[in-house]
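If you check TrEMBL, you get these features:
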- LYS170: active site (ACT_SITE)
- 3-161: domain '6-phosphogluconate dehydrogenase NADP-binding' (DOMAIN)
- 164-290: domain '3-hydroxyisobutyrate dehydrogenase-like NAD-binding' (DOMAIN)
Amino acid sequence: MHIAFFGLGNMGSPMAANLLKAGHEVTVYDLVPAAVEKLTMQGANGADNVADAVTDADVVISMLPAASHVKALYFNDDGIFSHLNKSTLIIDCSTIDAQTAKQVGDGAEKAGHAFIDAPVSGGVAGATAGTLTFIMGGETNAVEQAKAILSAMGANLFHAGPMGAGQIAKICNNMLLAVLMAGTSEALQLAIDNGLDPKVMSDIMLQSSGCNWTLQKYNPCPGVMDNVPSSNGYQGGFMVQLMNKDLSLAMDTSAASGSATPMGAAAQQLYRLHQRNDTATQDFSSIFNFYSRNS
Ligand code: NAD
């Protein structure tokens, strides 16, 4: 398979590397030339522009920050839809709103291409290990075709429903993640303020009813867990500004469906306040500092 891969950031870079390891021919493009160079050193073809990247591609994968980037990449005069030269399977893995996903999907189908939205869960560690969860929305045929490619990057492949359903499922999950990360930080700081060791407290909660993914895989308190952003100055990982984007998507979706999401709304306010402390590009587990007495 000849795959064109767009967006080589914290997630896209290790994802593209896993496609290479699986033996695919991968052509990569990012606005940042250094990101392209990093992948060419691992065996990818580097492209200088969108046209070169998509020529003869069987599959296009995009992993961009937000909806505005995705729309521009596909619909701009010099975008992907202007340059595809054969019928292509398009997989957008970015987390964006379901409506934009459907717009891109409709554009693809009108031009004779198949499309699925396939946002991911699992973080940079999952992207690196090739154990991501892909949450797909789209026609069954396209989803079945995509599975062969996505299995090189992920361990769990779900078909959530029609086009856009992957995005709805993803933002429900990330709203819960924001609540869990804030709640875990709050509990750990309460323990610290009362003289407990956060490592001991984490071990207790891991074996108790407060156990959750953030404690298992992504402890927010520095020094408790190795190889997570909190033990690396909150660098790498999933940026606060991207969590705020996802919480806005969740709140917009909640408003549109008349759902009650008070915990999500509280998490959104916490993350907004947190971002005002110059933390936009830190990992989202830095919400822990929001509770700390010294921050
Ligand atoms: P990132 O900001 O690290 O990377 C995005 C990359 O896209 C950057 O390298 C940027 O230069 C590139 N880009 C932007 N516009 C482009 C264009 N028009 N053409 C080519 N490249 C372009 O972001 P990330 O953390 O990799 O996240 C990507 C997406 O995945 C986001 O939607 C995010 O919400 C989602 N996500 C992230 C994580 C995580 O842990 N980081 C986990 C799950 C989902």
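Residue 1 is the first one shown; counting continues down the chain.
The backbone N, Cα and C atoms fix where each Cβ goes, glycine too.
These numbers come from a predicted model, not from an experiment.
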**Prompt:** Helix, strand, coil residue numbers for the domain '3-hydroxyisobutyrate dehydrogenase-like NAD-binding' (164-290) per DSSP?
**Reply:** 86 helix, 2 strand, 39 coil
**Complete:** The number of other Cβ atoms within 10 Å of the Cβ of the residue listed as 'active site', counted over all protein chains shown, is 28
